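As structure tokens, the structure follows; a few thoughts come after it.
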Amino acid sequence: MPPRIIILGAGIIGLSTAVELQQRHQHRSAEPRPSITIVSAELPSQPSEWTEDPRCRPSPDYASMWAGAHYRPIPGATPQLQREAQWAMDTFRRMRRIARDAPEAGVRMMPGIEYLEDSPKEYGRLRTGDRYAGEHDEFRVLDKAELPEGVAWGCRYQTYSLNAPHYSRWLLDRFLAGGGQIVHRKLERLEEAFTLFEDGSQPLVINCTGRNFDQDDKMRIIRGQTVLVRNQFDRTITRQNRDGSWIFLIPRPFAGTIIGGTKEPGDMEVKPRMETRLKLLENCVRAFPEFVDRLEDFDVVLDNVGRRPWRDGGLRLEEERIEDGKTVIHAYGAGGRGYELSWGIAKEVADLVLATERSKFECRVSENLK
């Protein structure tokens, strides 16, 4: 019987991890390839399905379906941010390859522009030609003459933007085409994963649930609301206001542009607020008139509300041994950076999985030689 891996959650971390594990095992011949199963209460779907059948509409807790999503680097000012910066650059490298080799995936390379009304010291140290998003990112600090009124610092670089529901579905299709299995089921506790299959196997469980079944005191919910419009744009722009709020444009390949956004800690409201939509559109007209300069010119498609699973101290990524020799690898709590960090996290999870498998394989060989 091949070893069994169970991945809990079909968000961007779970999907990326599943595909990464499949690809890594293709190059290993000394050990049997594992059976990989994703167990999730919800699965990726397209917005066109949401309008045709409301039952297909994702819940706000399935945050990966409601994401922008683009890559905006954050300088590594703390050990956790330095770790995330490496994951982000690993992801940038992979996304660039996907954009080149699989245009149907919904990932597109484009210019990224940032404007900061305040300039933290970690940004002030950056110089044109530095590596910001990743290798060959054409990073350039903007001259003062290029900055809008009220902006203290700005930059331009090459980044990616993606269509979150489309890309997630593309990943799921790749996983299934590679022999992966799906169990469409909601679990109440992590321990249930070990009894899903009655074949006597001892699965390795990877916890990509986002919130860890609400069993982690460090977890917080941050509500985000954005607006999807049909209006098209050719670059992604982010402006950080002096009060810490943000205004951003995220082109969505095949489907318009995302305008955002909000960060509302502890707010569990699932319905979009119309006053928030109006404020987002007004802010966009004021900050980015080169995109749309009149409210009446917006062609609104959809309001997005997602509840981001944010964790104090950063995402939890570690192996845990629990009773009876059971192994869990945790990878949850990425907050609003799931897509930006996805392939870097998946790579590190896969490293842990392969190390665990290697150890078990060597133990079996040793036992057989006795």
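In case you wondered, yes, glycine gets a Cβ from its N, Cα and C as well.
Among the candidates I13, I98, I322, the residue that Swiss-Prot annotates alongside E42, A63, S64, G68, R308, G338, Y339 as binding FAD is I13.
Neighbour counts were taken at the CB atom with a 10 A radius for the recorded positions S64, N207; the maximum falls on S64.
Across the binding-site residues listed here (E42, G68, R308, G338), the residue whose Cβ sits among the most other Cβ atoms within 10 Å is G68. Farthest C-alpha pair in the FAD-binding residues I13, E42, A63, S64, G68, R308, G338, Y339: 19 Å apart.
The two recorded residues, G68 (FAD binding site) and N207 (N-linked glycosylation site), show a Cα separation of 24 Å.
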